[in-house]
Amino acid sequence: MGLIDSFGRRITYLRLSVTDRCNLRCRYCMPAGGVPKLRHGETLSYEDLLRVSREAVSLGIEKIRITGGEPLVRKELVDFAGRVAAIPGLRELVLTTNGLQLTETAAPLRRAGVKRLNISLDSLRPETFSYITRGGELQRVLDGIAAAEAAGFPPVKINVVVMRGVNDEELLDFAALTVDKPWTVRFIEYMPTLREEGWREHCVPGREILRRIGERFPLLPMVSAEMAGPARNFRISGAAGAIGIITPVSGHFCDQCNRIRVTAAGVARGCLFSGEGLDLKPLLAADDHDLLRRGLRSLIVGKPGRHHLENGDVGDGTVAMSRIGG
Ligand SMILES: Nc1nc2c(ncn2[C@@H]2O[C@H](COP(=O)(O)OP(=O)(O)OP(=O)(O)O)[C@@H](O)[C@H]2O)c(=O)[nH]1
Ligand SMILES: C[S@@+](CC[C@H](N)C(=O)[O-])C[C@H]1O[C@@H](n2cnc3c(N)ncnc32)[C@H](O)[C@@H]1O
Ligand code: SF4
Ligand code: SF4
């Protein structure tokens, strides 16, 4: 039967933020000084994350994504991934990363059972990359992608948050990359998660992104795969890879939403932008399967229908992207 919310949506996908820490400070995700760090003990232990994952899978979750902050900065992440991948009934364990540490971790992650990697990469120009990430080194990410390929991962998905005046001049460069590379490059509309003034000027609507690429390359729409995320995908005629558009702002995909989240602080959230959450820590402390299951079910029943970003409403703003994991 699985998990059905009050809008009739089947919930099959859990995103786990395993840490709020990160080795970058991307401008669209964190303020320059970072966000106040959770203390040790405020983050769920791997044991607790596993308990939540097992209960969620037994209730009907089929896909788990490990995210962060930067998930690979948490110690013993590979071992944890192996334990999640081994949960009976789980169909897919996947991971979203900034790619900085993949040269060391890609092969062990693959052996641990991670099925696919999504990698954030917002510029192909070293200086712009360093500007956006406040100091990141582009070559390390490119080496990380090469390591993922060498480790036998299926072609990666590249996440590009498009910001007008910052990296939107690179739309065609990213699109051209998919002609030879089998990667899926996904352009994401910039969301105002930092409650910043003037965000609309930076946000490039998905239809404009498609128009600008379409003026140079003929784009053929692709059919969505099972368990696909929020992207609409296209292929340049004859290309090895694909282009995806994620339009949380201009064309929300909430009516097809299939996901719930657990933040780095151990709070389950029905929506990326919902104010309320369910603190899992007391439920885990009570050591009662039923209580945890009932909690997860009630979260899904109360899952909001959609966000209201178009009105500038970013929820209560209590959860930074780096704690909720995107
Ligand atoms: N508004 C909104 N944006 C989302 C949601 N899920 C993902 N996004 C956006 O899409 C970005 C990419 O997410 P990923 O971590 O790569 O996961 P995904 O898109 O579900 O990945 P796939 O399952 O591989 O398609 C996120 O960082 C967000 O910016 C969602 O439920 N709501
Ligand atoms: C919060 S990061 C966590 C995982 C990892 N550190 C990474 O960067 O891939 C997950 C995703 O959130 C996206 N993201 C963060 N802030 C965003 C924003 N304001 N608008 C759109 N996407 C955002 C990032 O591009 C990234 O793909
Ligand atoms: S987007 Fe990812 S890599 Fe960039 S600051 Fe946020 S958590 Fe770190
Ligand atoms: S904004 Fe909320 S309801 Fe809409 S797709 Fe994202 S998580 Fe789902």
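In case you wondered, yes, glycine gets a Cβ from its N, Cα and C as well.
Straight from TrEMBL, the features:
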type: BINDING; residues: R15, R65, T96, K157, R259, I260, R261; note: GTP binding site
type: BINDING; residues: C22, C26, C29; note: [4Fe-4S] cluster 1 binding site
type: BINDING; residues: Y28, G69, S120, M191; note: S-adenosyl-L-methionine binding site
type: BINDING; residues: C254, C257, C271; note: [4Fe-4S] cluster 2 binding site
type: DOMAIN; residues: 6-231; note: domain 'Radical SAM core'
When distances run from the Cα of C254 ([4Fe-4S] cluster 2 binding site) to each of the binding-site residues C22, C26, Y28, K157, M191, the nearest one: M191
For the domain 'Radical SAM core' (6-231), mean pLDDT (0 to 100): 95
Binding-site residues near G69 (S-adenosyl-L-methionine binding site), in sequence order, restricted to C22, K157, C257, I260, R261, C271 and a 10 Å Cα cut-off: C22
Spatial separation of C26 ([4Fe-4S] cluster 1 binding site) from K157 (GTP binding site) - C-alpha basis, Å: 18
Cβ contacts of T96 (GTP binding site) (under 8 Å, same chain, 6 or more positions away): R65, I66, T67, G68, P71, L117, N118, I119, S120, N159, G325, G326
Least Cβ-crowded entry, counting other Cβ within 10 Å, from the binding-site residues listed as C22, C254, C257: C254
Among R15, R65, R259, R261, the binding-site residues whose C-beta sits under 6 Å from ligand 2: none
Among M191, C254, C257, the binding-site residues whose C-beta sits under 6 Å from ligand 4: C254, C257
Assigned element (helix, strand, coil) containing R259 (GTP binding site), judged by DSSP: strand
Shortest C-alpha distance to C26 ([4Fe-4S] cluster 1 binding site) - which of the binding-site residues R15, I260, C271: R15
